[in-house]
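S.K.: Below: one structure in structure tokens.
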Amino acid sequence: MEPMSNKQDSNSSEGDEKGWPDVPKRKRKNSQCSMKSMSALSVSVPGYIPSYLEKDEPCVVCGDKATGYHYRCITCEGCKGFFRRTIQKNLHPAYSCKYEGCCIIDKITRNQCQLCRFKKCISVGMAMDLVLDDSKRVAKRRLIEENREKRKREEMVRTLQVRPEPDTAEWELIRMATDAHRHTNAQGSSWKQKRKFLSDDIGQGPMVPTSDGDKVDLEAFSEFTKIMTPAITRVVDFAKKLPMFSELPCEDQIILLKGCCMEIMSLRAAVRYDPESETLTLNGEMAVKREQLKNGGLGVVSDAIFDLGKSLAQFNLDDTEVALMQAVLLMSSDRSGLTSLEKIEQCQEAYLLAFEHYINYRKHNIPHFWPKLLMKVTDLRMIGACHASRFLHMKVECSSELFPPLFLEVFEDQEV
């Protein structure tokens, strides 16, 4: 087998194929050998084929420490490289020995006679036919790489096949979350047919400056506040229909709802992004453009929601996936002031597991679908935090009378 290592033996030399300095013309002490044992190059002795390398196992050519099974024999890196270069460059016809081809080859003398070293390689069983030329080496490495990639793909398929799907209890949790979403999601799947586009004139009127440097079109702001109360009410109704939420203390329920309300409303708007008209549909009824939403009070938060909508379009989420994402947002145990942290963590863990197993069941074609989708949860948390900051600035510049009571109740006193 052609080795992949290019490591050189510490006692080998790049001059293995070059001429060697003259030595005294007398037989060396180690030159006595049996001519029979060093017969013609065609002599082949079966190579030693161990199942594994034992500690300090010697090279069968020179006795140095072997590094592996090379060209059908256990050899060191030096003899492996010498044999490979000799065959690849067809150097052996030019090799000669000054001592009648009877040199003993060991760790010390191996570089002193190329012919005897090569004859020793052949005599112990190193196979010339296993040495590949450059084109075959490239082809072999390409084949190895292709096989490696093939194994990776097969392993990925096996991994996908063993990913757990929802069990009976999780299917029930999924069903109830999906029902909760469908019963509280305005217009359902017919939102495109029932939406009404906000007039282009709205969002282009006189602007009132805010303390954060942005400006607000009060006419657009008024339009948006009209749909805020029913939108917030639907989020509350969704939470009440969710398994486990009603079992939490009332104080914790209120904290969780205040924390997730903008996040869930943003998600519901983002999944109704229409690339053709470049609009988001709010509360299932009002289609708005980016600038209208921005000038109507959301400022930079508008950009974040529109960008999320564009990003989510490729995920092709169904009602169940949207419902489970909302449940995960709702059951966030890091909201300030919660008392039942452990129970809320357990609730979120249950929804996360059901969510992940449902994703496995759906078998999306997008690579790394699950971690990418979880990143969208992080994006929604950021949108919620940005909106809390934006609301503080709006409240400074705009009269409280402009805000619906439920809007104030939910978004006042939020952490920024």
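Every residue gets a Cβ built from N, Cα and C, even glycine.
Feature table excerpt (Swiss-Prot):
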type     : residues                   : note
REGION   : 1-58                       : region 'Modulating'
REGION   : 1-37                       : region 'Disordered'
COMPBIAS : 15-24                      : compositional bias 'Basic and acidic residues'
BINDING  : Cys59, Cys62, Cys76, Cys79 : Zn(2+) 1 binding site
DOMAIN   : 169-413                    : domain 'NR LBD'
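Locate each feature and note its surroundings.
M.R.: DSSP gives Cys79 (Zn(2+) 1 binding site) a helix state.
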S.K.: Restricting attention to the region 'Modulating' (1-58), give the mean pLDDT.
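M.R.: Over the region 'Modulating' (1-58), the predicted model scores a mean pLDDT of 44.
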S.K.: Would you find the one among the binding-site residues Cys59, Cys62, Cys76, Cys79 whose Cβ has the most company, meaning other Cβ atoms within 10 Å?
M.R.: Cys79
